[in-house]
Amino acid sequence: MKSGDHAAIDVPAESSAAVKGKAPLIASQREEKRGLNRGFGIADFLLRLGAIISTIAAAATMGTSDETLPLFTQFFQFEASFDDLPTFLYFVIAMALVGGYLLLSLPFSIVTIVRPIAVAPRLLLFILDTVTLTFATAASGAAAAIVYLAETGNPNTNWLAICDQFEDFCTKVSGAVVASFVTVVVFVVLVILSGFALKRQ
């Protein structure tokens with residue numbers, strides 16, 4: 001071999017047929033991801049509608065819980081109302097705010113259906129849903145503790161159970177708490193769905 005000779009390395013060029021074969025595969029994977037994210041978006045929208053119903057039911061039921069016993073004296077009237085307890089009042093306000101947020105979040109949920117690859121609206125919903133989940137859980141947990149005391153009382157502190165006398169009142173507030181926990185469960189599912197969708201972006 002002469003010193004002036006150069007070693008040539010042959011690199012096989014990728015055929016145009018192979019390149020054309022990869023293009024449909026990439027497009028198919030992209031469409032599959034788009035379709036799955038659109039499915040996440042539709043599920044997100046439907047879950048929000050369900051959460052709106054349960055939240056409104058919780059707020060309305062608690063806000064209308066009021067019962068007056070037929071027994072009364074000249075100076076005393078036995079009545080139980082949600083606004084007698086700050087915890088129940090906080091519950092009504094919290095559920096109203098959660099319901100308002102859910103209504104405002106519907107357009108962003110629709111965007112995730114129309115544009116399933118868009119990251120910004122889904123990330124925004126993920127963050128706000130997490131914050132609202134914490135808020136709703138706090139309100140539901142606090143109200144549940146009061147309902148438990150109303151049902152069972154606490155002999156150690158001489159707190160008497162009132163549900164034996166105010167049955168309708170306790171039935172309403174218990175139903176409101178159950179509806180609020182349905183909302184909490186829906187929010188947990190929403191956060192999980194958003195997390196999966198963001199992971200697939």
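From the backbone N, Cα and C atoms, a Cβ is placed for every residue, glycine too.
Pulled from TrEMBL:
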- 38-186: domain 'Casparian strip membrane protein' (DOMAIN)
- 40-62: transmembrane segment (TRANSMEM)
- 88-111: transmembrane segment (TRANSMEM)
- 123-150: transmembrane segment (TRANSMEM)
- 176-198: transmembrane segment (TRANSMEM)
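Under 8 Å from some Cβ of the transmembrane segment (123-150) lie the Cβ atoms of residues 44, 55, 62, 85, 87-88, 90-91, 94-95, 97-98, 101, 105, 108-109, 112, 159, 161-163, 166, 170, 173-174, 176-177, 180-181, 183-184, 187-188, 190-191, 194-195, 198, all in the same chain and six or more residues away from its ends. Residue counts of the domain 'Casparian strip membrane protein' (38-186) by helix, strand and coil are 114 helix, 14 strand, 21 coil (DSSP-based).
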